[in-house]
Amino acid sequence: LNYLIAGGLHPVGFHVLNIILHAVISVLMIDVFAILIGGLDYDEKGWTLNHAPKTSLLAAIFFAAHPVHTESVAGVVGRADLLCALFFQLSFLTYCKAFNNGSDRDDRFSVRWVVVSLVLCAAAMLCKEQGITVLGVNAAFDVLLICNVNVYELGHRLLFRKNPPDLGEIVQMGLLKRLGLMSLGGLLMLYARWRIMGTGPPAFTEVDNPASFEENVFTRIVNYNYYYSLNAWLLLCPWWLCFDWSMGCVPLIKSATDWRMVWLLLLWCVLIGLISQALCSPDIQRRRTLTLGLVLLVVPFLPACNIFFRVGFVVAERVLYLSSAGYCLLLAYSLGHCCYRWIKYKKLTCIMLLALLCMYVVRCALRSHQWRSEQSLFSSALSVCPLNAKVHYNVGKNLADRGNTSAAVKYYREAVRLHPNYVHAMNNLGNILKEKNELIEAEQLLSKAVAVQPDFAAAWMNLGIVQNSLRKFEAAEQSYWNAIHYRKKYPDCYYNLGRLYADQNRHVDALNAWRNATMLKPDHSLAWNNMVILLDNTGNQDQAELIGREALKLLPNDHTIMFSLANVLGKLQKYKESESFFLHALQINPNAASCHGNLAVLYHRWGKLELAKKHYELSLKLDPEAPGTRDNYNMLRRKLDQLKHSTP
């Protein structure tokens, strides 16, 4: 739908909708925060009453301006996070609606609105699996706010079996029924996901998430907790933002004496302090708000925490989109509490608050500017993750795509140095060295790439091209066939295989290889053109004409095939048709010196000497060093002079 409205793949249309979605989500956050902080209450018309307008608005502003959201809003892949968050909010708000007056009520809640909430939860999950965690938030909201359960007191009574709690009232309020409905809905969603996508998780490599491949359980747990502290730091101080945190960006903690262990301890000290306040505070409202804030912070993050299954990243800013709502709630509530408790420092607190918001806005603007192009995005990551091989690879690839291959070599070499088995970096570096005619090193790099990853078809093909240039024909042929073995439909490889056979004068094999390329990719211009040229050069002009006409049916505006076919028709003395194809080719590419030169030769043979002279001169003007054209032009001038002198 976005594609149709935007009129194609124009980034502006996608950016605008992402910004609109983020704005809508930020506005809806006011209602979500109002309920979590001030409780659920409705007026006579059924509208939700906001008992904490300032705090909920402040938390929503923090959420709207938080720089960690830039990736989700600025990148098109972030659409999944935005839609997931939108349906997540709607699922929560409709669940709250179940406790308003309704027509089809079961005891003290509306079954209809609970079902609608489950449908919206399914929609959130279809956008991103993280969406299913709204069930946990809804359950916590129900237990803590609707049923007003004191979790600490309930746990203490159950643990020590003193004054067992009376659960009858909770049962009467329909909590068990609602939890049962949500559990059933959640199981059905998981089953549907399993049926659609299969049982196996995606296949990740060690470079994607090195801690998850650690055999030592202690090392794995320590590094997971360090990852959590990094995520917490991005929420607290979102200055160091990066598009990719894998491939050595975050070195593993191998020893208990590593100084980074301090961050783990600090994280858990803060969490334990918050949890103790959430459970043991004598203030009921504070206890409830802190607990729900922690739930909103932690529960949406659970799918990304490596506990239930391995994830394919170390840190990913986009997965913090929902969790940041919990952080913003806790931050706004804490600032509000400070203003209330320390009235004499209220002005200072307000100044700090404005400074923080200004910092968020400035960082958002800077980060959004970095997302404007690949060049600025990849370059910005160099200062944040200098040890990340993928960052250097992407900078190098961007430079190579813009034609700066000399600078690209430097970054590709650094990527290979940081990650010696980085096959894609080796392949791209080998390609550049091949173009620079540094064939020996290119062969070494590509050979290593296929040794590390034997099914890397592109590297096999590039290795074959290098070996062909080194005149290692048998090895090149074997490399091409290895590439085709691992990628059955590989037209470019058949094309290069045909070039190898042509270099060895194995004309039939070359024609067969190029024919395979055109069968797999009917618009493979180079393969069609090479077939026409080879048949022409071997004296098979009639067959060359048939191939050329067949190619032009598929590629009616390909001037290179027109040029080759025109040459064939000229040799067959079909001058009129040949002239037509030459002129059509020149309409498409008027600055082709060779086309002017060959058309001049045609006119020369045809006896149209003035036209021949005109096109010889045009050819020489475009390319003074064109082989043979100068000699033909001089020959024509002598003939014209002879004709001029012989005329009475």
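Just so it is clear, glycine is given a Cβ too, placed from its N, Cα and C backbone atoms.
TrEMBL entries are annotated by machine, without manual review.
Under the heading transmembrane segment, TrEMBL lists 19-40 (among others). Listed by sequence, the residues of this chain that lie at least six past the ends of the transmembrane segment (19-40) yet keep a Cβ under 8 A from its Cβ atoms are 48-53, 55-57, 59-61, 63-64, 69, 72-73, 79, 82-83, 85-86, 89-90, 92-93, 96, 99, 141, 145-146, 288-289, 292-293, 296, 325, 328-329, 332-333.
The feature transmembrane segment is assigned by TrEMBL to 109-126 (among others). Long-range contacts of the transmembrane segment (109-126) within its own chain (CB-CB distance under 8 A, at least 6 residues past either end) are made by residues 83-88, 90-92, 94-95, 97-100, 102-103, 132, 134-135, 138, 174, 178, 181-182, 185-186, 189, 192-193.
What TrEMBL lists as transmembrane segment is 132-154 (among others).
The feature domain 'DUF1736' is assigned by TrEMBL to 200-272. On the 0 to 100 pLDDT scale, the domain 'DUF1736' (200-272) averages 89 in the predicted structure.
Positions annotated as transmembrane segment by TrEMBL: 261-280 (among others).
The transmembrane segment annotation in TrEMBL covers 292-313 (among others).
If you look up TrEMBL, you'll see 319-336 (among others) marked as transmembrane segment. If you look at the transmembrane segment (319-336), the same-chain residues 6 or more away from its ends with a CB under 8 A from one of its CBs are 29, 32-33, 36-37, 54-56, 58-60, 62-63, 66, 68-69, 72, 78, 81-82, 84-85, 88, 130, 133, 231, 234-235, 274, 289-290, 292-298, 300-301, 303-304, 313, 349, 353.
Within the chain carrying the transmembrane segment (348-366), a Cβ under 8 angstroms from the stretch's Cβ atoms is held by residues 58, 61-62, 65-67, 69-70, 238-239, 335, 338-339, 342, all 6 or more beyond its ends. Annotation source TrEMBL lists transmembrane segment at 348-366 (among others).
The repeat 'TPR' feature in TrEMBL is assigned to 389-422 (among others).
Positions annotated as repeat 'TPR' by TrEMBL: 423-456 (among others).
For 491-524 (among others), the entry in TrEMBL reads repeat 'TPR'. Residues 457, 460-461, 464-465, 468, 473, 476-477, 480-481, 483-484, 530-531, 534-535, 538, 551, 554-555 of the same chain, all 6+ positions outside the repeat 'TPR' (491-524), place their C-beta atoms under 8 angstroms from a C-beta of that stretch.
The repeat 'TPR' annotation in TrEMBL covers 559-592 (among others). Among residues of the same chain six or more beyond the repeat 'TPR' (559-592), those with a C-beta under 8 A of the stretch's C-beta atoms are 525, 528-529, 532-533, 535-536, 541-542, 544-545, 548-549, 551-552, 598-599, 601-603, 605-606, 622.
Long-range contacts of the repeat 'TPR' (593-626) within its own chain (CB-CB distance under 8 A, at least 6 residues past either end) are made by residues 559, 563, 566-567, 570, 575, 578-579, 582-583, 585-586, 632-633, 636-637, 639-640, 643. As annotated by TrEMBL, repeat 'TPR' applies to 593-626 (among others).
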Close approaches to the repeat 'TPR' (423-456) from elsewhere in its chain (Cβ under 8 angstroms; 6 or more beyond its ends): 389, 392-393, 396-397, 400, 405, 408-409, 412-413, 415-416, 462-463, 465-467, 469-470, 479, 482, 486
